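Comments concern the structure below.
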Amino acid sequence: MSLQMVTVGHNIALIQPGFSLMNFDGQVFFFGQKGWPKRSCPTGVFHFDIKQNHLKLKPAIFSKDSCYLPPLRYPATCSYKGSIDSDKHQYIIHGGKTPNNELSDKIYIMSVACKNNKKVTFRCTEKDLVGDVPEPRYGHSIDVVYSRGKSMGVLFGGRSYMPSTQRTTEKWNSVADCLPHVFLIDFEFGCATSYILPELQDGLSFHVSIARNDTVYILGGHSLASNIRPANLYRIRVDLPLGTPAVNCTVLPGGISVSSAILTQTNNDEFVIVGGYQLENQKRMVCSLVSLGDNTIEISEMETPDWTSDIKHSKIWFGSNMGNGTIFLGIPGDNKQAMSEAFYFYTLRCSEEDLSEEQKIVSNSQTSTEDPGDSTPFEDSEEFCFSAEATSFDGDDEFDTYNEDDEDDESVTGYWITCCPTCDVDINTWVPFYSTELNKPAMIYCSHGDGHWVHAQCMDLEERTLIHLSEGSNKYYCNEHVQIARALQTPKRNPPLQKPPMKSLHKKGSGKVLTPAKKSFLRRLFD
(Lines of atoms letter the chains of each structure in order from A; the text may use other names.)
(Lines give C-alpha, C1' and ligand atoms only; values in the text may rest on other atoms or scores of the structure.)
Protein backbone atom coordinates (compact mmCIF):
# COMPACT_ATOMS: atom_id res chain seq x y z
CA MET A 1 0.00 0.00 0.00
CA SER A 2 1.41 3.37 -1.00
CA LEU A 3 0.32 6.79 0.31
CA GLN A 4 0.94 9.97 -1.70
CA MET A 5 0.07 13.56 -0.91
CA VAL A 6 -1.96 15.37 -3.58
CA THR A 7 -1.90 19.09 -4.36
CA VAL A 8 -5.11 20.71 -5.58
CA GLY A 9 -5.53 23.62 -7.97
CA HIS A 10 -7.33 26.89 -7.35
CA ASN A 11 -10.71 25.17 -6.85
CA ILE A 12 -9.69 23.27 -3.71
CA ALA A 13 -12.65 24.78 -1.82
CA LEU A 14 -15.02 22.62 -3.86
CA ILE A 15 -13.87 19.46 -2.10
CA GLN A 16 -15.72 19.19 1.19
CA PRO A 17 -16.90 16.21 3.26
CA GLY A 18 -19.86 14.58 1.54
CA PHE A 19 -18.66 14.34 -2.06
CA SER A 20 -18.92 11.24 -4.25
CA LEU A 21 -16.66 9.87 -6.97
CA MET A 22 -18.04 8.03 -10.01
CA ASN A 23 -15.97 6.10 -12.54
CA PHE A 24 -16.95 5.85 -16.19
CA ASP A 25 -14.59 3.70 -18.29
CA GLY A 26 -11.53 4.69 -16.31
CA GLN A 27 -12.37 8.37 -15.91
CA VAL A 28 -13.32 9.65 -12.47
CA PHE A 29 -15.94 12.34 -11.93
CA PHE A 30 -16.46 14.38 -8.78
CA PHE A 31 -20.02 15.07 -7.61
CA GLY A 32 -21.67 17.03 -4.81
CA GLN A 33 -19.61 19.94 -3.48
CA LYS A 34 -20.68 21.89 -0.41
CA GLY A 35 -21.96 25.11 -1.97
CA TRP A 36 -23.78 25.83 -5.21
CA PRO A 37 -21.43 25.77 -8.19
CA LYS A 38 -21.07 28.73 -10.48
CA ARG A 39 -22.84 29.00 -13.81
CA SER A 40 -20.23 26.99 -15.72
CA CYS A 41 -21.28 23.79 -13.95
CA PRO A 42 -24.85 24.05 -12.62
CA THR A 43 -24.97 20.38 -11.58
CA GLY A 44 -21.74 20.23 -9.61
CA VAL A 45 -20.16 17.39 -11.63
CA PHE A 46 -16.46 17.73 -12.46
CA HIS A 47 -13.75 15.71 -14.16
CA PHE A 48 -11.44 14.52 -11.40
CA ASP A 49 -7.94 14.34 -12.85
CA ILE A 50 -4.80 13.48 -10.88
CA LYS A 51 -1.51 13.65 -12.76
CA GLN A 52 1.86 13.62 -11.05
CA ASN A 53 0.08 13.97 -7.70
CA HIS A 54 -1.67 17.18 -8.77
CA LEU A 55 -5.47 17.33 -8.91
CA LYS A 56 -7.45 19.40 -11.39
CA LEU A 57 -11.22 19.75 -11.53
CA LYS A 58 -12.97 20.63 -14.77
CA PRO A 59 -16.76 21.08 -15.20
CA ALA A 60 -18.52 18.21 -16.92
CA ILE A 61 -21.01 18.62 -19.77
CA PHE A 62 -24.62 17.42 -19.85
CA SER A 63 -26.86 16.82 -22.85
CA LYS A 64 -29.79 19.12 -23.53
CA ASP A 65 -32.32 16.41 -22.71
CA SER A 66 -30.88 15.90 -19.20
CA CYS A 67 -32.96 16.67 -16.14
CA TYR A 68 -31.72 19.00 -13.43
CA LEU A 69 -29.31 17.27 -11.04
CA PRO A 70 -28.68 19.20 -7.80
CA PRO A 71 -25.23 18.90 -6.19
CA LEU A 72 -26.27 16.32 -3.61
CA ARG A 73 -24.01 15.56 -0.70
CA TYR A 74 -23.92 12.19 1.02
CA PRO A 75 -26.13 10.30 -1.44
CA ALA A 76 -26.12 6.54 -1.96
CA THR A 77 -24.55 5.65 -5.32
CA CYS A 78 -23.79 2.47 -7.24
CA SER A 79 -22.96 1.43 -10.77
CA TYR A 80 -25.67 -0.23 -12.85
CA LYS A 81 -25.54 -2.24 -16.08
CA GLY A 82 -29.12 -3.46 -16.52
CA SER A 83 -27.86 -7.03 -16.88
CA ILE A 84 -24.64 -8.59 -15.63
CA ASP A 85 -23.42 -9.02 -19.24
CA SER A 86 -24.40 -5.53 -20.40
CA ASP A 87 -21.76 -3.13 -21.70
CA LYS A 88 -23.79 -0.03 -20.85
CA HIS A 89 -22.37 1.57 -17.70
CA GLN A 90 -24.61 3.84 -15.61
CA TYR A 91 -24.73 5.20 -12.09
CA ILE A 92 -27.69 5.24 -9.74
CA ILE A 93 -27.93 8.19 -7.31
CA HIS A 94 -30.48 8.14 -4.51
CA GLY A 95 -31.16 10.43 -1.55
CA GLY A 96 -28.57 12.73 -0.07
CA LYS A 97 -28.59 16.28 1.17
CA THR A 98 -29.59 19.20 -1.04
CA PRO A 99 -27.86 22.59 -0.77
CA ASN A 100 -30.74 23.94 1.34
CA ASN A 101 -30.31 21.15 3.93
CA GLU A 102 -33.30 19.14 2.80
CA LEU A 103 -33.11 15.40 2.17
CA SER A 104 -33.83 14.07 -1.29
CA ASP A 105 -36.01 11.07 -2.06
CA LYS A 106 -35.35 11.14 -5.79
CA ILE A 107 -33.53 8.60 -7.94
CA TYR A 108 -31.30 9.82 -10.76
CA ILE A 109 -29.66 7.70 -13.45
CA MET A 110 -26.45 9.08 -14.95
CA SER A 111 -25.09 7.67 -18.21
CA VAL A 112 -22.68 8.73 -20.95
CA ALA A 113 -24.52 10.37 -23.85
CA CYS A 114 -21.41 10.63 -26.05
CA LYS A 115 -17.66 10.54 -25.68
CA ASN A 116 -15.16 12.24 -27.99
CA ASN A 117 -11.53 11.61 -27.20
CA LYS A 118 -11.54 12.37 -23.48
CA LYS A 119 -14.50 14.74 -23.43
CA VAL A 120 -17.59 13.12 -21.95
CA THR A 121 -21.15 14.37 -22.27
CA PHE A 122 -23.55 12.98 -19.66
CA ARG A 123 -27.25 12.34 -19.72
CA CYS A 124 -29.15 12.44 -16.42
CA THR A 125 -32.73 11.24 -16.02
CA GLU A 126 -34.97 11.27 -12.98
CA LYS A 127 -36.82 8.04 -12.20
CA ASP A 128 -40.26 8.26 -10.62
CA LEU A 129 -41.11 5.53 -8.12
CA VAL A 130 -44.44 3.97 -7.22
CA GLY A 131 -45.36 1.51 -4.51
CA ASP A 132 -43.44 1.52 -1.23
CA VAL A 133 -41.40 4.63 -1.95
CA PRO A 134 -38.42 5.01 0.46
CA GLU A 135 -38.52 8.16 2.54
CA PRO A 136 -35.80 10.81 2.03
CA ARG A 137 -32.58 9.72 3.73
CA TYR A 138 -28.80 9.80 3.86
CA GLY A 139 -26.12 7.44 5.17
CA HIS A 140 -27.77 4.48 3.41
CA SER A 141 -26.70 2.07 0.69
CA ILE A 142 -28.05 1.14 -2.71
CA ASP A 143 -26.75 -1.87 -4.65
CA VAL A 144 -27.77 -3.83 -7.73
CA VAL A 145 -28.23 -7.61 -7.68
CA TYR A 146 -28.58 -9.93 -10.69
CA SER A 147 -30.68 -13.10 -10.66
CA ARG A 148 -32.13 -15.27 -13.46
CA GLY A 149 -31.17 -12.73 -16.10
CA LYS A 150 -32.90 -9.83 -14.29
CA SER A 151 -31.61 -7.01 -12.10
CA MET A 152 -33.00 -5.23 -9.06
CA GLY A 153 -31.85 -2.43 -6.77
CA VAL A 154 -31.49 -3.13 -3.04
CA LEU A 155 -31.77 -0.13 -0.71
CA PHE A 156 -31.12 -0.36 3.02
CA GLY A 157 -30.52 1.76 6.11
CA GLY A 158 -29.87 5.45 6.53
CA ARG A 159 -31.18 8.32 8.58
CA SER A 160 -33.95 10.80 8.03
CA TYR A 161 -35.32 13.89 9.70
CA MET A 162 -37.81 13.24 12.46
CA PRO A 163 -41.48 13.63 11.46
CA SER A 164 -42.65 17.24 11.54
CA THR A 165 -45.09 16.41 14.34
CA GLN A 166 -42.16 15.44 16.57
CA ARG A 167 -39.80 18.25 15.66
CA THR A 168 -39.35 21.25 17.94
CA THR A 169 -37.72 24.61 17.40
CA GLU A 170 -34.66 23.55 19.37
CA LYS A 171 -34.36 20.22 17.55
CA TRP A 172 -35.76 21.04 14.15
CA ASN A 173 -32.94 19.25 12.32
CA SER A 174 -32.88 16.20 14.58
CA VAL A 175 -32.54 12.91 12.73
CA ALA A 176 -33.46 9.32 13.52
CA ASP A 177 -32.58 5.90 12.13
CA CYS A 178 -34.80 4.79 9.29
CA LEU A 179 -36.73 1.59 9.88
CA PRO A 180 -34.64 -1.52 9.10
CA HIS A 181 -36.62 -2.31 5.97
CA VAL A 182 -35.10 -3.64 2.75
CA PHE A 183 -36.42 -2.04 -0.44
CA LEU A 184 -36.31 -3.74 -3.83
CA ILE A 185 -36.41 -1.21 -6.67
CA ASP A 186 -37.15 -2.10 -10.28
CA PHE A 187 -35.31 0.60 -12.25
CA GLU A 188 -37.03 -0.35 -15.51
CA PHE A 189 -40.63 0.08 -14.30
CA GLY A 190 -40.00 2.32 -11.28
CA CYS A 191 -41.62 -0.02 -8.75
CA ALA A 192 -40.45 -0.15 -5.12
CA THR A 193 -41.37 -2.86 -2.61
CA SER A 194 -40.54 -2.90 1.10
CA TYR A 195 -39.56 -6.10 2.96
CA ILE A 196 -39.41 -6.64 6.73
CA LEU A 197 -36.76 -9.22 7.65
CA PRO A 198 -36.74 -10.49 11.26
CA GLU A 199 -32.93 -10.66 11.33
CA LEU A 200 -32.70 -6.88 10.86
CA GLN A 201 -33.86 -5.39 14.16
CA ASP A 202 -32.16 -1.97 14.25
CA GLY A 203 -31.75 0.81 11.78
CA LEU A 204 -28.15 1.21 10.58
CA SER A 205 -26.30 4.01 8.87
CA PHE A 206 -22.83 4.52 7.42
CA HIS A 207 -22.37 0.80 6.90
CA VAL A 208 -20.37 -0.91 4.14
CA SER A 209 -22.18 -2.89 1.46
CA ILE A 210 -20.83 -5.27 -1.19
CA ALA A 211 -22.99 -6.70 -3.98
CA ARG A 212 -22.02 -9.91 -5.77
CA ASN A 213 -24.44 -11.55 -8.23
CA ASP A 214 -27.68 -12.09 -6.24
CA THR A 215 -26.23 -11.27 -2.81
CA VAL A 216 -25.59 -8.12 -0.78
CA TYR A 217 -23.31 -8.19 2.27
CA ILE A 218 -23.87 -5.54 4.98
CA LEU A 219 -20.90 -4.87 7.29
CA GLY A 220 -20.65 -2.66 10.38
CA GLY A 221 -22.61 0.56 10.62
CA HIS A 222 -23.81 2.85 13.37
CA SER A 223 -27.09 2.73 15.27
CA LEU A 224 -28.19 6.17 16.36
CA ALA A 225 -30.82 4.82 18.76
CA SER A 226 -28.29 2.84 20.82
CA ASN A 227 -25.21 4.88 19.82
CA ILE A 228 -23.16 1.73 19.15
CA ARG A 229 -21.25 0.30 16.21
CA PRO A 230 -22.14 -3.39 16.39
CA ALA A 231 -19.91 -5.92 14.63
CA ASN A 232 -22.66 -6.72 12.13
CA LEU A 233 -22.35 -8.99 9.14
CA TYR A 234 -25.54 -9.71 7.20
CA ARG A 235 -26.05 -11.59 3.95
CA ILE A 236 -29.14 -10.55 2.02
CA ARG A 237 -29.99 -12.84 -0.91
CA VAL A 238 -32.50 -11.90 -3.60
CA ASP A 239 -34.11 -14.45 -5.93
CA LEU A 240 -35.91 -13.02 -8.98
CA PRO A 241 -38.21 -15.68 -10.48
CA LEU A 242 -41.04 -14.83 -12.88
CA GLY A 243 -43.35 -14.17 -9.95
CA THR A 244 -42.82 -12.42 -6.64
CA PRO A 245 -39.15 -11.87 -5.63
CA ALA A 246 -37.87 -13.83 -2.64
CA VAL A 247 -35.67 -11.98 -0.11
CA ASN A 248 -33.97 -13.66 2.85
CA CYS A 249 -31.36 -12.52 5.36
CA THR A 250 -28.71 -14.52 7.24
CA VAL A 251 -26.66 -13.30 10.20
CA LEU A 252 -23.02 -14.31 9.75
CA PRO A 253 -20.16 -14.38 12.29
CA GLY A 254 -16.88 -12.52 11.87
CA GLY A 255 -18.15 -8.98 11.39
CA ILE A 256 -16.28 -5.79 12.26
CA SER A 257 -17.22 -2.77 14.32
CA VAL A 258 -16.78 0.22 12.02
CA SER A 259 -18.79 3.05 10.52
CA SER A 260 -18.13 5.28 7.53
CA ALA A 261 -15.32 3.15 6.14
CA ILE A 262 -14.16 3.32 2.50
CA LEU A 263 -14.32 0.18 0.39
CA THR A 264 -12.23 -0.38 -2.73
CA GLN A 265 -11.81 -3.46 -4.91
CA THR A 266 -8.31 -4.83 -5.42
CA ASN A 267 -9.01 -8.14 -7.17
CA ASN A 268 -11.86 -10.15 -8.67
CA ASP A 269 -13.17 -11.20 -5.27
CA GLU A 270 -11.04 -9.11 -2.90
CA PHE A 271 -11.78 -5.77 -1.29
CA VAL A 272 -9.99 -3.52 1.18
CA ILE A 273 -11.77 -1.59 3.93
CA VAL A 274 -9.95 1.62 4.90
CA GLY A 275 -10.69 4.31 7.46
CA GLY A 276 -13.88 4.91 9.35
CA TYR A 277 -14.54 5.11 13.07
CA GLN A 278 -14.55 2.33 15.65
CA LEU A 279 -15.66 4.59 18.51
CA GLU A 280 -17.36 7.95 18.64
CA ASN A 281 -14.05 9.72 19.24
CA GLN A 282 -11.61 7.29 17.67
CA LYS A 283 -10.73 6.66 14.04
CA ARG A 284 -10.17 3.09 12.86
CA MET A 285 -6.56 3.09 11.69
CA VAL A 286 -6.33 -0.59 10.70
CA CYS A 287 -7.26 -1.93 7.27
CA SER A 288 -9.25 -5.10 6.56
CA LEU A 289 -9.12 -7.49 3.63
CA VAL A 290 -12.49 -8.91 2.51
CA SER A 291 -12.44 -12.11 0.40
CA LEU A 292 -15.62 -13.39 -1.26
CA GLY A 293 -16.41 -16.90 -2.43
CA ASP A 294 -19.51 -18.34 -4.07
CA ASN A 295 -21.25 -18.49 -0.72
CA THR A 296 -18.61 -17.30 1.74
CA ILE A 297 -17.06 -14.12 3.04
CA GLU A 298 -13.86 -13.78 5.08
CA ILE A 299 -12.57 -10.64 6.78
CA SER A 300 -9.00 -10.36 8.04
CA GLU A 301 -6.67 -7.56 9.11
CA MET A 302 -3.88 -6.56 6.76
CA GLU A 303 -0.78 -4.43 6.86
CA THR A 304 -1.65 -0.78 7.42
CA PRO A 305 -0.25 2.07 5.34
CA ASP A 306 2.51 4.28 6.66
CA TRP A 307 0.11 6.95 7.91
CA THR A 308 1.58 10.45 8.20
CA SER A 309 1.55 12.19 11.57
CA ASP A 310 -1.10 14.61 10.25
CA ILE A 311 -3.43 11.74 9.43
CA LYS A 312 -2.78 10.00 12.74
CA HIS A 313 -3.56 13.09 14.81
CA SER A 314 -6.51 14.44 12.80
CA LYS A 315 -9.88 14.09 14.49
CA ILE A 316 -11.81 13.42 11.30
CA TRP A 317 -11.09 12.16 7.80
CA PHE A 318 -13.19 11.72 4.70
CA GLY A 319 -12.79 10.44 1.18
CA SER A 320 -14.05 8.20 -1.59
CA ASN A 321 -13.17 5.21 -3.72
CA MET A 322 -11.52 6.10 -7.03
CA GLY A 323 -11.62 2.51 -8.22
CA ASN A 324 -8.87 0.13 -9.30
CA GLY A 325 -7.77 -0.21 -5.69
CA THR A 326 -7.18 3.53 -5.16
CA ILE A 327 -8.72 5.72 -2.46
CA PHE A 328 -8.86 9.52 -2.19
CA LEU A 329 -8.54 10.80 1.40
CA GLY A 330 -8.88 14.22 2.99
CA ILE A 331 -8.12 15.58 6.46
CA PRO A 332 -8.63 19.07 7.96
CA GLY A 333 -5.76 21.52 7.62
CA ASP A 334 -3.83 22.97 10.54
CA ASN A 335 -5.87 26.06 11.37
CA LYS A 336 -3.15 27.26 13.74
CA GLN A 337 -1.17 28.52 10.75
CA ALA A 338 -2.30 31.67 9.00
CA MET A 339 -1.72 30.28 5.48
CA SER A 340 -3.01 26.77 6.17
CA GLU A 341 -5.23 25.04 3.63
CA ALA A 342 -8.75 24.05 4.69
CA PHE A 343 -7.99 20.39 3.87
CA TYR A 344 -5.04 18.23 2.88
CA PHE A 345 -5.53 15.35 0.45
CA TYR A 346 -3.88 11.99 -0.22
CA THR A 347 -4.24 9.04 -2.55
CA LEU A 348 -3.88 5.57 -1.08
CA ARG A 349 -3.17 2.82 -3.58
CA CYS A 350 -4.10 -0.59 -2.20
CA SER A 351 -3.40 -2.60 -5.35
CA GLU A 352 -0.72 -2.58 -8.02
CA GLU A 353 -3.00 -4.19 -10.57
CA ASP A 354 -5.67 -2.47 -12.65
CA LEU A 355 -9.02 -4.18 -12.95
CA SER A 356 -10.98 -4.48 -16.16
CA GLU A 357 -14.59 -3.36 -16.23
CA GLU A 358 -15.73 -7.02 -16.39
CA GLN A 359 -13.87 -7.79 -13.16
CA LYS A 360 -15.37 -5.01 -11.10
CA ILE A 361 -18.04 -5.85 -8.51
CA VAL A 362 -20.22 -3.08 -7.17
CA SER A 363 -19.25 -1.85 -3.72
CA ASN A 364 -20.59 0.96 -1.61
CA SER A 365 -20.25 2.70 1.70
CA GLN A 366 -22.05 5.63 3.17
CA THR A 367 -21.55 9.06 4.60
CA SER A 368 -23.27 11.42 6.96
CA THR A 369 -24.97 14.74 6.53
CA GLU A 370 -23.08 17.32 8.53
CA ASP A 371 -19.98 19.35 7.83
CA PRO A 372 -17.04 19.55 10.25
CA GLY A 373 -18.15 22.97 11.40
CA ASP A 374 -21.75 21.96 11.98
CA SER A 375 -21.35 19.46 14.81
CA THR A 376 -18.87 17.88 17.17
CA PRO A 377 -15.94 16.41 15.25
CA PHE A 378 -16.33 12.83 16.41
CA GLU A 379 -19.90 12.02 15.50
CA ASP A 380 -21.01 9.94 12.56
CA SER A 381 -22.46 13.15 11.26
CA GLU A 382 -19.18 14.02 9.55
CA GLU A 383 -17.83 10.91 8.08
CA PHE A 384 -17.30 9.71 4.55
CA CYS A 385 -18.82 9.51 1.12
CA PHE A 386 -17.60 6.65 -1.04
CA SER A 387 -18.42 5.03 -4.31
CA ALA A 388 -16.37 3.76 -7.26
CA GLU A 389 -13.24 4.22 -9.46
CA ALA A 390 -10.28 6.12 -11.49
CA THR A 391 -9.34 9.21 -13.72
CA SER A 392 -7.71 10.96 -16.65
CA PHE A 393 -8.32 14.04 -18.78
CA ASP A 394 -6.28 16.67 -20.58
CA GLY A 395 -6.56 20.37 -21.00
CA ASP A 396 -5.93 23.46 -18.93
CA ASP A 397 -9.07 25.32 -19.98
CA GLU A 398 -10.04 27.93 -17.48
CA PHE A 399 -13.50 27.97 -16.00
CA ASP A 400 -15.37 29.78 -13.28
CA THR A 401 -13.75 29.13 -9.96
CA TYR A 402 -15.51 28.38 -6.73
CA ASN A 403 -16.83 31.30 -4.78
CA GLU A 404 -17.52 31.03 -1.06
CA ASP A 405 -20.44 33.41 -1.54
CA ASP A 406 -22.14 30.56 -3.42
CA GLU A 407 -22.56 28.71 -0.13
CA ASP A 408 -25.77 30.43 0.85
CA ASP A 409 -27.96 27.96 2.67
CA GLU A 410 -31.15 29.70 1.61
CA SER A 411 -34.14 27.78 0.42
CA VAL A 412 -33.71 27.26 -3.30
CA THR A 413 -37.28 26.29 -4.02
CA GLY A 414 -38.61 29.86 -3.95
CA TYR A 415 -36.34 30.97 -6.76
CA TRP A 416 -38.07 28.72 -9.29
CA ILE A 417 -41.60 30.06 -8.89
CA THR A 418 -43.91 31.29 -11.63
CA CYS A 419 -44.01 34.94 -10.65
CA CYS A 420 -46.37 36.25 -13.36
CA PRO A 421 -48.40 34.91 -16.31
CA THR A 422 -45.51 35.53 -18.70
CA CYS A 423 -42.79 34.11 -16.41
CA ASP A 424 -40.43 31.79 -18.30
CA VAL A 425 -37.79 31.20 -15.58
CA ASP A 426 -37.21 27.45 -15.53
CA ILE A 427 -34.81 25.55 -13.27
CA ASN A 428 -33.60 23.43 -16.21
CA THR A 429 -33.02 26.19 -18.76
CA TRP A 430 -32.28 29.32 -16.74
CA VAL A 431 -29.05 31.17 -17.51
CA PRO A 432 -27.72 34.29 -15.72
CA PHE A 433 -29.12 37.55 -17.05
CA TYR A 434 -27.69 40.13 -14.66
CA SER A 435 -24.03 40.39 -13.73
CA THR A 436 -25.01 40.11 -10.07
CA GLU A 437 -26.49 36.63 -10.58
CA LEU A 438 -24.37 33.56 -9.88
CA ASN A 439 -26.61 30.53 -9.59
CA LYS A 440 -30.08 31.88 -8.84
CA PRO A 441 -32.31 34.34 -10.69
CA ALA A 442 -32.42 37.82 -9.22
CA MET A 443 -35.66 38.52 -7.38
CA ILE A 444 -37.37 41.58 -5.95
CA TYR A 445 -40.15 41.88 -3.39
CA CYS A 446 -43.53 43.32 -4.40
CA SER A 447 -45.20 45.07 -1.45
CA HIS A 448 -48.78 44.58 -2.64
CA GLY A 449 -51.02 42.90 -0.06
CA ASP A 450 -49.08 40.38 1.97
CA GLY A 451 -46.20 40.75 -0.46
CA HIS A 452 -44.66 38.27 -2.90
CA TRP A 453 -41.44 37.71 -4.83
CA VAL A 454 -41.04 38.27 -8.56
CA HIS A 455 -38.13 37.77 -10.93
CA ALA A 456 -36.36 40.98 -11.86
CA GLN A 457 -35.89 39.74 -15.42
CA CYS A 458 -39.63 39.12 -15.85
CA MET A 459 -40.32 42.67 -14.62
CA ASP A 460 -37.97 44.11 -17.30
CA LEU A 461 -35.89 45.90 -14.69
CA GLU A 462 -32.61 47.37 -15.78
CA GLU A 463 -29.64 46.22 -13.74
CA ARG A 464 -28.94 49.68 -12.36
CA THR A 465 -32.59 49.95 -11.30
CA LEU A 466 -32.41 46.57 -9.59
CA ILE A 467 -29.27 47.58 -7.72
CA HIS A 468 -30.81 50.92 -6.74
CA LEU A 469 -33.95 49.26 -5.37
CA SER A 470 -31.94 46.71 -3.44
CA GLU A 471 -29.98 49.45 -1.70
CA GLY A 472 -32.94 51.56 -0.63
CA SER A 473 -35.98 50.97 1.56
CA ASN A 474 -38.60 52.16 -0.93
CA LYS A 475 -41.55 49.93 -1.67
CA TYR A 476 -41.68 48.22 -5.05
CA TYR A 477 -44.76 47.03 -6.94
CA CYS A 478 -44.60 44.50 -9.77
CA ASN A 479 -46.10 45.07 -13.22
CA GLU A 480 -49.41 43.46 -12.20
CA HIS A 481 -49.88 45.53 -9.06
CA VAL A 482 -48.26 48.84 -9.89
CA GLN A 483 -51.52 50.33 -11.25
CA ILE A 484 -53.40 49.22 -8.13
CA ALA A 485 -50.76 50.80 -5.96
CA ARG A 486 -50.92 54.03 -7.93
CA ALA A 487 -54.72 54.18 -7.60
CA LEU A 488 -54.43 53.87 -3.84
CA GLN A 489 -52.01 56.72 -3.56
CA THR A 490 -53.40 60.21 -2.81
CA PRO A 491 -51.84 62.74 -5.13
CA LYS A 492 -49.95 65.46 -3.36
CA ARG A 493 -51.57 68.89 -3.41
CA ASN A 494 -49.09 71.27 -4.90
CA PRO A 495 -49.67 75.00 -4.23
CA PRO A 496 -50.37 77.05 -7.36
CA LEU A 497 -47.42 78.70 -8.88
CA GLN A 498 -47.04 82.32 -7.82
CA LYS A 499 -46.12 84.25 -10.90
CA PRO A 500 -44.96 87.79 -10.30
CA PRO A 501 -46.81 90.46 -12.30
CA MET A 502 -45.20 91.48 -15.47
CA LYS A 503 -43.08 94.51 -14.87
CA SER A 504 -42.69 97.30 -17.24
CA LEU A 505 -40.30 96.50 -19.95
CA HIS A 506 -39.19 100.14 -19.77
CA LYS A 507 -36.64 101.26 -17.22
CA LYS A 508 -37.95 103.86 -14.85
CA GLY A 509 -36.68 107.33 -15.48
CA SER A 510 -35.38 106.55 -18.90
CA GLY A 511 -37.03 106.98 -22.19
CA LYS A 512 -35.07 104.15 -23.72
CA VAL A 513 -36.74 100.91 -24.84
CA LEU A 514 -35.13 97.58 -23.88
CA THR A 515 -33.64 95.48 -26.64
CA PRO A 516 -35.45 92.24 -27.74
CA ALA A 517 -32.67 90.12 -26.17
CA LYS A 518 -33.13 91.79 -22.79
CA LYS A 519 -36.92 91.42 -23.06
CA SER A 520 -36.56 87.66 -23.66
CA PHE A 521 -34.17 87.29 -20.71
CA LEU A 522 -36.56 89.13 -18.36
CA ARG A 523 -39.50 86.98 -19.47
CA ARG A 524 -37.60 83.77 -18.69
CA LEU A 525 -36.48 85.22 -15.36
CA PHE A 526 -39.99 86.11 -14.15
CA ASP A 527 -41.77 83.17 -15.68
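A Cβ is built for glycine as well, from the same backbone N, Cα and C atoms used for every other residue.
Other Cβ atoms within 10 Å of the Cβ of C423 (Zn(2+) 1 binding site) number 15 in total over all chains. Per TrEMBL, Zn(2+) 1 binding site is recorded for C419, C423, H455, C458.
Annotation comment: TrEMBL describes 361-370 as compositional bias 'Polar residues'.
According to TrEMBL, the compositional bias 'Acidic residues' annotation covers 371-380.
Taken from TrEMBL, the feature domain 'Recombination activating protein 2 PHD' covers 414-491.
TrEMBL lists 357-380 (among others) with the feature region 'Disordered'.
Under the heading region 'Disordered', TrEMBL lists 489-511 (among others).
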How many neighbouring Cβ atoms, not counting its own, are there within 10 Å of the Cβ of C419 (Zn(2+) 1 binding site)?
22
For C458 (Zn(2+) 1 binding site), just count the other CB atoms lying within 10 A of its CB, please.
20
With the Zn(2+) 1 site defined by C419, C423, H455, C458, which remaining residues of that chain have Cβ atoms positioned within 8 Å of the Cβ centroid?
I417, T418, C420, T422, D424, V425, P441, V454, Q457, M459
Sequence gap of 6 or more, C-beta under 8 Å: which same-chain residues meet both conditions with respect to H455 (Zn(2+) 1 binding site)?
C419, C423, V425, P441, A442, M443
Taken over the domain 'Recombination activating protein 2 PHD' (414-491), the model's mean pLDDT:
79
Give me the DSSP three-state residue breakdown of the domain 'Recombination activating protein 2 PHD' (414-491), ordered helix, strand, coil.
19 helix, 8 strand, 51 coil
